[in-house]
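Peer 1: This structure is in structure tokens; I'll ask about it shortly.
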């Protein structure tokens, strides 16, 4: 039987309080050590069960657990890198979109940076229940597009450039049920340097 490779919880690239005042230390601690760890544990358990499954029926029965927990692990691993201590709080470079290929593509697709953020927040706030808001690169149209996924579904139709967790555990302790305030605040800690690196990798060899 092939050995099952276990996934592990990736460390945060900053301290738990580094994103304050926009995302609290309490939220980051719980989100990373409890919620993401739970997805890691459940994914490893599902992978181990899948490796031992001897019938198609048993393997099919594990698909939902693999998708949910695998997506939770993939999405959160991306999300932590997607954030950075805020320039507005004099802590880092979070929230700063400098002139470059990503800014040019955002301006071309959405008219302006502010229009992009407004469209993203409107689309993401409209998610019913839990899910994720995405800025993705569409490899077919070769354009940036705003899209969403439900629950913990990973983004498969686009290359993820920026992902925002809209599950209540991502914001409720600080913003209560006011998703709009969370979505406004999070732009102060978006790591646009990471987003541009993803964009450049997605478009390498492509002409926008």
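Just so you know, glycine gets a Cβ as well, placed from its N, Cα and C.
When I checked TrEMBL for this same protein, it listed these features:
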{"type": "DOMAIN", "residues": "8-84", "note": "domain 'Manganese/iron superoxide dismutase N-terminal'"}
{"type": "BINDING", "residues": "31, 76, 165, 169", "note": "Mn(2+) binding site"}
{"type": "DOMAIN", "residues": "100-198", "note": "domain 'Manganese/iron superoxide dismutase C-terminal'"}
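Looking at the shown structure, what environment does each listed feature sit in?
Peer 2: Of all Cβ atoms in the protein chains displayed, 25 besides its own lie within 10 Å of the Cβ of residue 165 (Mn(2+) binding site).
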Peer 1: What mean pLDDT does the predicted model reach across the domain 'Manganese/iron superoxide dismutase C-terminal' (100-198)?
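Peer 2: Mean pLDDT, the domain 'Manganese/iron superoxide dismutase C-terminal' (100-198): 97.
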Peer 1: For the domain 'Manganese/iron superoxide dismutase C-terminal' (100-198), DSSP counts of helix, strand and coil?
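Peer 2: Within the domain 'Manganese/iron superoxide dismutase C-terminal' (100-198) the tally stands at 45 helix, 24 strand, 30 coil.
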Peer 1: Would you find the one among the binding-site residues 31, 76, 169 whose Cβ has the most company, meaning other Cβ atoms within 10 Å?
Peer 2: 76
Peer 1: Helix, strand, coil: count each for the residues of the domain 'Manganese/iron superoxide dismutase N-terminal' (8-84), based on DSSP.
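Peer 2: With helix first, then strand, then coil, the domain 'Manganese/iron superoxide dismutase N-terminal' (8-84) has 53 helix, 1 strand, 23 coil.
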